[in-house]
Amino acid sequence: MARLRLTLAYDGTDFAGWQIQAAGGGRTVQGCLEEALATLCGQPVRVHGAGRTDSGVHALAQVAHADVPEHRAGLPWGKALTALLPKDVAVTEARLVAPDFHSRFDATGKEYRYTLWTRPGHVLPWRRPYVWDVGRYGTLDVAAMEACAGLFVGEHDFAAFQNAGTDVHSTVRRVWDVSRLAGTGPDETVWRFHGEGFLKQMVRNLMGALVAVGRGKATAEDVATLLAAGDRRRAPGTAPAQGLCLHAVEYGAPGVAGLPGLGDKPAEPAGSTT
């Protein structure tokens, strides 16, 4: 068998998440990919993903691996798979790798981005599946949100920001950066969450806390107390799935990827008039 590494982009709107569900559980990215690989290989193929994105969450660069028969190794995998996959999934890179490569266990970092729609009034219809409409809450206190974001940087026990339903050995995670970027237009703001790894719905829970602070429903001191206490029951609500995108999965030296690239720029400091 030959090990194949895939980089995938997908629109999570109509998926029940990455991971295959029980019978009747809905359409999944993993399921679509395994069906396409089985067609090309003539046998069942198991796919392993770097992250298990939830229903409605998008990906720009999810990474997965699969073992394919040696006699099929020379196929133009990216083109062949994309031709078989539904229109809301694309293979952006495909290459053969060492047989011990593991998309999940070899990952040294991940970057997620969350997009907020900040203009009061209606969200543009074609943006609604990709943003959280916080404009309906009025103007957010961005300076307070940025001050709160600093609390999440470093190594912490994020038990208060993990949703139930996951059995993990430890809830301690190391986060390198939580920062605000310029959005794709004047009505949007993008937040970057960059770290070694994240707990179940942790990024959405962090975003929910930041918006609560921006709305004046909580303070940075409240969030600091919550982080120290580790009690999810006292935490603000979870941000909706559609604003979240898995932007990058990193391998090799930790923390060196996921930095601003082409088309990225930091947001203006809170209160800036430029």
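Placed from the backbone N, Cα and C atoms, the Cβ positions cover glycine too.
Since this is a predicted model, take the numbers as computed values, not measurements.
Over in Swiss-Prot, the protein carries these features:
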type	residues	note
ACT_SITE	Asp54	active site, nucleophile
BINDING	Tyr112	substrate binding site
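Within 10 Å of the C-beta of Tyr112 (substrate binding site) we count 26 further C-beta atoms, all protein chains included. Reported as a whole number, the C-alpha separation between Tyr112 (substrate binding site) and Asp54 (active site, nucleophile) equals 13 Å. In the shown protein chains, 18 other C-beta atoms lie within 10 A of the C-beta of Asp54 (active site, nucleophile).
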